[in-house]
Amino acid sequence: MDRCARMARYDFAPSFLAKRSPVQLAILLSLIATLASSELPTPAAVSHPVSRFWLVVAVAMLPGLVAYFGGSYRLLADQPRDPESDTGELADALLARWIDRTYVLWLGVTVAMVYVIGWPAVVRSNWDLARFPLVDDLLVLAPTLLSLAGLWSGLFFLQRERSWQVHRALALQSPTLPRWSRALPRYLVLQAKHQLLLVLAPALVVLAISEFMATENRADTARWPVAVWVFPLLLVALPLLPFVLTRMWRTTPIPASPLRDRLLACTRDMHTQVRDILLWQTSGSVANALVVGVTNRLSYVLLTDALVAELSADELEVVVRHELAHLRRWHLPLRMGVLVLPIVGWLVLSQLLAAEMAQFAAWLTSMGISETLQLTVVTPALLALHAVVVVGALARLLEHDADLLACRQSGEPLRLDPERTRHFAAALSTLVPPGSESWFSRWLHPSTTRRIALLNASLEQPSRATAVHRRVNILGLLMLLSTALLIAGSMCLLLR
């Protein structure tokens, strides 16, 4: 890598922050742990609530401090002695792993605040806020979100330190970075929009509706199964999601150009029709592409500015084809279904088989697992296990499915195009170099090595691609059958 190329990387966006996204899984697990505690009966008041409050504040600051000072130490330890040496990629990989560890620390801090310090008891009992629906839940969640903001702040200053280090190593003029007092708020807002909102907003909406229904004392409302309002809510929210996201994020149509014409031609070749292909302005902090929407005419393809800057036109074309494959194959409804249907199914069964469920809970209690332990530990653990194992496995399968469809030859459904396969492999290697992924980053996406290996194997054996497509089709049919059974069960509850 020559001097100019290296500096272009760091002037635009530090790669160790721009290309990795372990945050959604960490946020999801943290929300499960925090919100599960708020669904318990009002706990007993705890001693020394003021001391516990300040302890929560101190513990919440820990991830951000560790992220910055620990990361800065690693930067100094890994600084290249030779200004022209190509050790930047290695330093980035080490820092990326360090960042993943800070998210694990943040998860541990969340568990400590909720289960060790007893923050929910302070809010709901000592402050007597349990009688205010949703207010107590938001206050229980507040330290978790403040700790996440502190972690992001530490990573922000670590990012600036990395930029300055590279300039010093190359004996160049210091970078012209904006003042931190102006750049930090923008960075936090960007991270919240990109990482937090998509996980937090649905959880809060479901929680708000649940709180509303719990406060209604009417018999007809109390017997409504959760599926009766979850499915209409999804039917309303999913079509509106693309319009909300494209206006909340800084998006603009890609200007008229040969590149735009080429990308729009992909939609025709993929037999899809999106409303537009948009450029997502992230100030170079995110290298990503995504499709938002469920149906053709209500969807957008978003390409971030960092992605457009780093990839060639050939690579961008096959990346857009990958996103269109998600749309064509109905991957978003499948992912939503595998996330929501088991939870809704459990709630419906708990009402259809109320007596049996009560006996099962009593059996667990007799085995030494109290009701409180069932709600605070067992249930969150099962939800987390489902999210990590089942949701993650399906998401990785859908990524393979989209990869194969994106690289197929036009008019040849069973054969991959060698050129498209080569360009897509190059794009993957640029964005996520093989061997640089952590376990966090492999939750929803297979490793780059696995993705490229399957593409190369499918070039020689088209049956490999056919097998992946068949598995996705079978899962889709099972999802439709499960939805029909849940609706039927909900109707039985309403009619009995």
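Backbone N, Cα and C define each Cβ position, glycine as well.
Per TrEMBL, transmembrane segment is recorded for 54-71, 103-123, 138-158, 196-214, 226-245, 336-355, 375-398, 474-495. Annotation comment: TrEMBL describes 285-456 as domain 'Peptidase M48'.
Remote same-chain partners of the transmembrane segment (138-158), defined as residues 6 or more beyond its termini with a Cβ less than 8 Å from a stretch Cβ, comprise 17, 27, 30-31, 34-35, 37-38, 56-57, 59-68, 71-72, 75, 95, 99, 102-103, 106, 109-110, 113-114, 119-120, 123-124, 127, 129, 180, 183-184, 187-188, 191, 196, 200. Here the transmembrane segment (54-71) has long-range neighbours at 95, 98-99, 102, 105-106, 109, 112-113, 117, 119, 122, 143-144, 146-155, 157-158, 161, meaning same-chain residues at least 6 beyond its ends whose C-beta is under 8 angstroms from one of its own.
On the 0 to 100 pLDDT scale, the domain 'Peptidase M48' (285-456) averages 86 in this prediction.
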